[in-house]
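Trainee: Can you keep this structure in mind? I'll have questions shortly.
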């Protein structure tokens, strides 16, 4: 290219001519200089770093658990297990570029515990702590592709939406799938009929959790068949599964009884243990109905115990966003000071423990307890304080009648 021609060409972005830059790259009717290329590269790298806050691993396992403690009461062992698993997962991601002879596998997690024990809250709080995109799905709504129901790819779409369709961010996110025990196959024997919501879903999930490049329809799969797909690599997405696994305790007891070789004390110890799920082995999950390949992709298994009365009482008041604090805030918006006697909280916790609905049952009881107050008190100029006493709670159990304290 002649000097005159070179100088007549300029960068389409910054306007500098060829002699003012080191390199000018030509495209169809446009030019870009090396300086603008460096600038664009820096912007892209900075944007990528902004979605990789966990790369710095500022939060160590102890610090992750400390934050979990602020929102989740009890379940100490599960919080410790999750803190270590998540820390190791993101430590693995931050060192993917480092050449190593040892390839570290992903540590997906299974949370086993009764309804209301805190499985969903733990997963959601983890995502908030780590500042990564988070998506939640119910395994009972999933079916194999081609059948009525939700495709596995729709879960990835939820994660994409949580990441504002930033693919890099989504590929480092967390997906929580609840009720995974409901997709166990109906029996250990292969059925002639198609199990589209059981083993078939496990097979579909298997491909995603072990790591694959999935084609995700941005508008939802079955309604818009001709749309363009977004490619998502699931290698580095952390999957957390949760389930109550009703009946698994019998399988665990049976295994211990069969392997005890006459040591009845060991069997009795397992049977009487409140948290029998802490003895769960992969073979128990296979016996329950999860396929071996699926179980093999979830190396971290931890159990959450049933919440007792004292823990439920703490849950009412201690977390940052506790139910008592939430209702106090609601009443405060109407210039009413809401107070609970300690004895009243104990009765509420005791009622929830009897119902065996865990922390979820606490909200239902409080809603019933405070319904009349929330209906009557707004706009009542002579009401500025409400005190919930033990007697009021006990009266609710009989007649649902409450009264106001002026």
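Cβ atoms are placed via backbone N, Cα and C, with glycine included.
Copied straight from Swiss-Prot:
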- 1-52: domain 'ClpX-type ZB' (DOMAIN)
- 11, 14, 33, 36: Zn(2+) binding site (BINDING)
- 114, 115, 116, 117, 118, 119, 120, 121: ATP binding site (BINDING)
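Walk me through where these features lie, including what they touch and how far apart they are.
Mentor: Neighbour density for residue 11 (Zn(2+) binding site): within 10 A of its CB lie 21 other CB atoms from the protein chains shown.
Around the Cβ of residue 121 (ATP binding site), the same chain contributes 71, 72, 359, each under 8 angstroms and 6 or more positions distant in sequence. Mapped onto three states, the DSSP output places residue 121 (ATP binding site) in helix.
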Trainee: C-alpha of residue 11 (Zn(2+) binding site) to C-alpha of residue 120 (ATP binding site): distance in Å?
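Mentor: Rounded to a whole number, the Cα-Cα distance is 53 Å.
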Trainee: Check the binding-site residues 117, 120 for other C-beta atoms within 10 angstroms of each C-beta and report the one with the most.
Mentor: 117
Trainee: If you average pLDDT over the domain 'ClpX-type ZB' (1-52), what do you get?
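Mentor: The predicted confidence over the domain 'ClpX-type ZB' (1-52), as a mean pLDDT, is 76.
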Trainee: A 10 Å Cβ contact count, applied to the binding-site residues 14, 36, 114: which residue has the minimum?
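Mentor: Fewest other Cβ atoms within 10 Å, among the binding-site residues 14, 36, 114, is found for 14.
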Trainee: Apart from 114, 115, 116, 117, 118, 119, 120, 121, which residues in this chain have a Cβ no more than 8 Å from the mean position of the Cβ atoms of those residues at the ATP site?
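Mentor: Those within range, site residues removed, are 113, 242, 304, 358, 359, 360.
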Trainee: When the Cα of residue 117 (ATP binding site) is compared with the Cα of each of the binding-site residues 14, 33, 36, which one is closest?
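Mentor: That would be 36, the closest of 14, 33, 36 to residue 117 (ATP binding site).
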